[in-house]
Structures are given as C-alpha cells and as structure tokens.
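Here's the structure, in structure tokens; my notes come after.
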Amino acid sequence: MLSSLALRNARRSFRDYAIYILTVTIIFSLLYAFNMIVFSEDIMNLASVMSSMVYAVVTVSIIIVVVTGWLVHYMNNFILQRRSKELGTYMLLGISNKDISKLFLIENIIIGGLSLIIGIVIGSLIYQVLVLIIMNIFEAYYEVKITFSLKALALTIIYVFFIYIFSIIRNKTRLNKMKIYDLLYAEKKNETSMLKSIKGNWVILFISIITGVLGAIFLYLTFSDGENVTIGRIGVSFLCFVICIYGFYISSSFILRRMFIDNASIKYKKNNLFLFRNLSSKMNTMSITLGTLGLLCTLTLISVSAGMLFKSYFDNQLNSITNFDISLIDSTAKEDFDSYKNYIKDNFTIEQEKTYSVYESSNREIYDILAETSLGGSYLDLDFVMRLSDYKELRKMLGYKEVELKEGNFIVQCLPGVKKEIEKIKDFKISLGGELLSYQESFLEPFALEGTNGAYYVVIVSDEVAEKLNKFQSIYVINTKEETRYKDREELIKYIPKIKSEDGIEYVTASNVDVKGALLAESRSMYTILSFSLFYIGLIFICVASTILAVQQLSEAVKYKFRYDILKNIGMKKSLIEGTILKQLLVYFAFPLILPIAISIFVTTCIHQVFVAYVSGVVLISVLLTSIGLFLFVYVFYFICTYVGYRKSIFKS
C-alpha cells in the first residue's frame with residue numbers, strides 16, 4: 001500500500017513542483033557531464049596541465065553538492081509543510097509515524113531516481129557539447145560518438161546520495177517525533193521574523209551598510225596592489241559582503257515598509273497597498289532565505305564575470321607570448337645557444353631565426369610611472385631596452401609594418417594599458433646612455449612582452465645609445481615550418497646550461513625556454529579549467545536561487561487566490577488583476593538582485609585591476625553587460641514559468 005501511495009504522491013509532486021524537479025534534473029545532468037569530462041582520456045590527453053581539471057571539477061562539484069543538498073532539504077521541508085494536513089490525516093487513519101516517514105522516503109527515492117535517470121541521458125548530450133567546445137579551444141579534431149562512463153555514473157550516484165542523505169535523515173527524525181496536532185497546523189507556520197523592533201532593524205541595517213563599505217574598501221585596496229592579493233584578504237572582504245547581504249535582507253521588510261507603506265502618497269496609489277502588504281508580509285517571514293538567495297545570485301554573477309575576464313585575459317596574453325615558435329633566453333647575455341641548436345636542426349625546418357640582446361636601463365623611469373598607476377609597474381623592476389636594428393628585424397619576422405625612429409627620440413613597444421599611462425604625460429622624456437630622449441610613439445602589436453623582450457613594454461632606441469647600456473639577457477628566436485608540441489619544450493629544457501649558485505648548487509631555469517605549442521597548451525588548459533569551473537558553478541547557483549523563488553510564489557498562489565477573488569468581486573478588471581500579479585512577481589524576483597548586481601559589478605571591476613594590462617575598460621564593460629545578460633536570461637526563464645503558473649492558479653475556476 002505504501003508503495004502505490006508513494007507512487008501516486010510522487011506523480012502529483014512532478015506536477016505541483018515541476019520547476020524544482022526540472023532544476024534537480026539539470027543539476028544531475030551537469031554533474032554527470034562534468035564527471036564524464038574528469039574520466040575522459042580524450043580531454044586529459046590534450047595537455048599534461050589538463051590533469052588539474054580533475055581537482056577543479058571535483059572541488060566545484062563538492063560545493064554544488066552542498067548547495068543542492070540545501071535546496072533539497074529546503075524543498076522537502078517546504079513540501080512537508082504544504083502537505084501537513086494530508087500527512088496528519090494519514091495519522092488519524094492509523095498510519096504510524098514510522099510508515100509516514102517511510103512513505104516520504106520512498107517518494108524522495110522515486111523523484112530523485114527518475115531525475116537521475118533523465119539527468120544521465122541529458123548529461124550524455126551535454127558532455128558531447130562540452131567536449132566539442134574544449135576540442136575547439138585546443139583546435140583538435142573530435143568525432144561525436146555515443147559515450148558511457150561507469151566511473152562517472154558511480155561518482156554521480158555518490159554525489160546524489162550525499163545530496164539527499166542529510167535531508168532524509170532530518171525529515172525522518174522530524175516525522176518520527178511529530179504529533180497529529182503538529183501536522184494539522186504545520187501549514188500555518190512560516191519562517192519567524194528575526195527582528196520585532198524598529199530599533200533592531202535600524203541597527204541591523206546600519207551594520208549591513210558599514211560591513212558592505214568596509215568589504216568594498218578592503219577588496220579595492222587588495223586588488224589595486226596586485227602583490228597583496230591573497231586568499232586571506234579576499235576571505236575577509238567576502239565575509240564582510242556576506243554580513244552585508246544577510247543584514248540587508250533581514251531588515252528588508254522594514255526597508256520596504258519605510259519606502260512604500262509608510263509613505264501615504266505611494267501607499268494609496270492604485271493597488272499599491274494590496275501589493276506591498278503581500279510582499280512585506282512575505283519578506284518579513286523569509287528574510288534568511290532571501291539573504292541566502294542574494295548570496296547565491298552574487299556568487300553567480302561574480303563567477304560568470306570572472307570566467308569572461310579570464311577568457312579575455314588568456315586570449316590577449318596568448319597573442320602576446322606566442323609570437324615565435326621557439327624562444328630561448330641566455331641569462332648570462334653571452335648569446336650562447338649552441339647546446340640547443342642540434343635538437344632544433346634535427347627536429348625542425350628553420351624558416352627564420354635571429355639572435356639578439358636586450359639591455360637594462362640604469363634608470364627605471366617608465367617603471368616608476370606605471371608603479372603609481374593601477375598597473376603597479378611591471379613584474380620585473382627595470383626598463384628593458386632594445387636596439388633599433390634588432391627591433392626592425394623582429395618586426396619584419398613577425399610581418400609588422402616598418403617603423404622609423406627620429407634622432408634623439410625613443411619608441412615604446414607595449415601593452416595598451418602602458419601606452420595609455422605614458423601618453424598622459426606631456427613632452428615625456430627619459431635619460432638613457434647619457435642622452436635625454438623624447439617620446440616619439442608607441443606600438444601595440446604582440447611582441448613577446450612576458451619576460452622575453454620586456455615585461456609589459458620595451459624601449460626602442462638607436463643602436464649607439466643601446467650599446468652604452470649593460471646587456472640584461474640574450475635571446476634566440478626561431479620560426480619553424482613544422483608545428484611545435486608540448487614535448488618539444490620538455491626536450492629543450494634538457495639542454496639548458498646548468499648554473500651554479502653561491503652555495504655551489506647547480507640548477508637550470510626552465511622559464512628560459514618558450515615553445516609555442518607548450519604555451520598554447522598551458523594557456524588553453526588554464527582557460528578551460530578556470531572558465532568551465534566558474535560557468536558550471538554559476539549556472540547551478542542561479543538555477544537553485546530561481547527555483548526557491550519560483551516554488552515559493554507558485555505555492556502561495558492557492559492562498560493568494562482568495563485575495564485576488566476579493567479584488568475581482570469588488571469590480572477590478574481582469575487586466576488590472578493580471579497587472580497586479582505581474583507587479584508582485586516582478587518586485588519579488590527583482591528584490592534579491594538589488595545588492596548582488598551592485599556587489600558583483602564592484603568585485604568584477606576590482607578583479608579587472610589584476611588584468612588591466614591586457615583587458616581594457618571597454619572589454620570590462622562588455623564583460624559586465626554580457627554576464628548580467630546571461631544571468632537574466634536564466635532568471636527571466638524561471639520568472640516567466642512562475643508567472644504563467646501563478647496566473648493559471650489565480651484564474652482557475
């Protein structure tokens with residue numbers, strides 16, 4: 001009997017809580033799809049660095065399991081509260097607490113099991129899409145094929161078990177202790193308001209504002225000085241924002257009342273009194289839930305924005321560091337590259353090659369200028385200098401247009417952020433080799449400015465001026481006919497001359513060897529790991545937050561139907577009632593976004609400070625607009641589903 005009753009109830013839950021079950025199915029499908037990536041040999045063989053994706057995906061999946069576990073626990077409590085009279089009736093009919101608990105368990109198993117089965121089917125399709133995207137990033141060939149991973153399935157089942165186990169244990173304990181009275185009147189219970197007094201609300205709101213401002217100041221100072229970006233500093237800022245978000249939403253009903261209901265000119269305008277009384281009472285009893293939803297929305301927006309910033313950064317950095325197929329550096333500046341040449345000649349057809357040196361300025365005039373800006377100087381605290389003749393030959397190798405240097409002038413080859421700061425200075429001059437040189441112009445083409453030819457920039461002067469300076473390092477660059485590979489870098493590292501330290505210990509500097517194939521593989525791997533993980537967690541969080549909002553309103557529709565019927569009976573037109581419903585849902589869905597959007601824009605702008613040399617302000621604006629647009633795309637989908645279902649419930653005869 002319990003099984004047939006559980007099956008009937010599960011079928012009804014699929015109808016009444018379709019949005020919740022849809023979200024759980026989406027989460028299970030994504031868990032399975034990413035687990036398949038973890039166990040995919042095709043993905044792991046793309047580059048050795050891709051092995052790090054296993055740890056990234058597992059870490060993110062654990063976070064998702066915790067958040068989804070909270071969703072399931074919240075929804076089970078919510079469903080239990082809505083069905084309390086039904087369960088109380090079972091108890092009146094003689095069904096024991098133990099059997100009612102078992103009934104609820106079987107229903108969860110049916111719902112979770114079907115969601116998992118459907119999720120695995122959908123997840124297999126999502127996996128194919130994800131693999132195609134990753135292969136496209138690596139410019140690798142991939143043929144779509146039906147794939148099944150027993151290991152991925154087993155790991156997904158383990159995740160699902162942990163998602164449900166906490167809620168099942170809590171509900172079992174709760175149901176075993178419940179009495180008939182508790183069940184019959186549980187539906188009338190809500191989350192209790194944490195604050196009763198006006199003074200308490202003012203205090204919480206004040207604390208919320210103060211912690212928000214402190215978090216913003218601390219985060220800005222952390223990211224404006226790139227050397228001090230640490231987990232500890234970011235953690236302190238994050239804690240401040242968490243307190244700010246929860247404080248704001250705990251006092252949300254109070255804020256709403258002060259803004260609207262206590263304002264007579266707004267209060268009695270059209271149907272505002274009806275609308276804001278509904279919202280105020282709801283927000284008053286679910287402030288903690290609203291705070292949690294606000295936090296999830298904030299994390300979603302930051303995750304998506306950060307993922308897009310990483311993409312822009314890696315794209316621009318890749319252009320900057322992969323100008324030559326092979327770049328070798330001699331830190332002794334002796335132009336000694338004989339140890340590498342046999343391997344290169346045996347394995348490649350050399351199309352172009354050049355050996356040259358870069359020099360160090362006795363002054364750090366450009367570095368000092370940048371140190372006072374958001375760029376924070378370069379990571380090498382000196383100004384690199386290059387001879388004009390070498391510069392011209394390198395530009396020719398790279399296919400850039402020829403440049404001319406006027407006598408007594410200097411040119412700067414740099415990243416966009418550096419040019420912007422230099423050109424702020426009128427009649428900019430620097431002193432090199434005993435001569436005062438005037439700034440002529442800057443060029444922005446990619447030019448190996450990641451420690452090879454310079455760090456963010458290199459100063460171009462006449463050969464005569466450059467040769468008065470000390471050599472910093474010698475460089476040997478080669479363009480080959482064949483494509484370079486990751487393993488070529490590993491082989492070339494073996495030929496690096498050993499250097500003795502003051503302690504007599506021999507060592508080699510692996511960073512003195514750059515191979516385009518290896519750089520591409522590493523950069524693409526890092527981009528894939530970071531961006532996919534951030535988008536993955538962002539999508540789950542927005543689905544969880546939207547589901548809570550949607551189910552809350554759809555479940556309240558039955559209760560509010562009586563109130564809307566009164567409006568209909570006193571003569572309000574159907575179109576006005578529909579407008580009131582739309583307003584109520586719009587405010588209810590928009591309210592949790594007030595702080596998240598503001599905080600995410602600020603945090604993304606702070607993160608941008610780290611990438612300011614590569615990612616322009618225009619790109620930052622594009623990232624912010626796109627991330628908010630993607631967020632709203634999913635959010636509005638849930639809103640439309642809620643509106644359609646809510647309207648249907650209100651006008652149902």
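Note that Cβ sites are derived from N, Cα and C of the backbone, with glycine treated the same way.
Given the ranges 287-310, 383-406, the record in TrEMBL names 287-310 as transmembrane segment. Per-stretch counts of Cβ pairs under 8 Å to the transmembrane segment (229-249) identify 287-310 as the leading one among 17-40, 52-75, 287-310, 617-646. Taken residue by residue, the domain 'ABC3 transporter permease C-terminal' (59-169) breaks down under DSSP into 94 helix, 0 strand, 17 coil. When each of 17-40, 202-223, 287-310, 585-611, 617-646 is scored by its Cβ pairs under 8 Å to the transmembrane segment (109-138), the top-ranked stretch turns out to be 17-40. Counting Cβ pairs under 8 Å to the transmembrane segment (52-75), the top-ranked stretch among 150-169, 202-223, 526-551, 585-611, 617-646 is 526-551. Model confidence over the domain 'ABC3 transporter permease C-terminal' (59-169) stands at 87, taken as the mean pLDDT rounded to a whole number.
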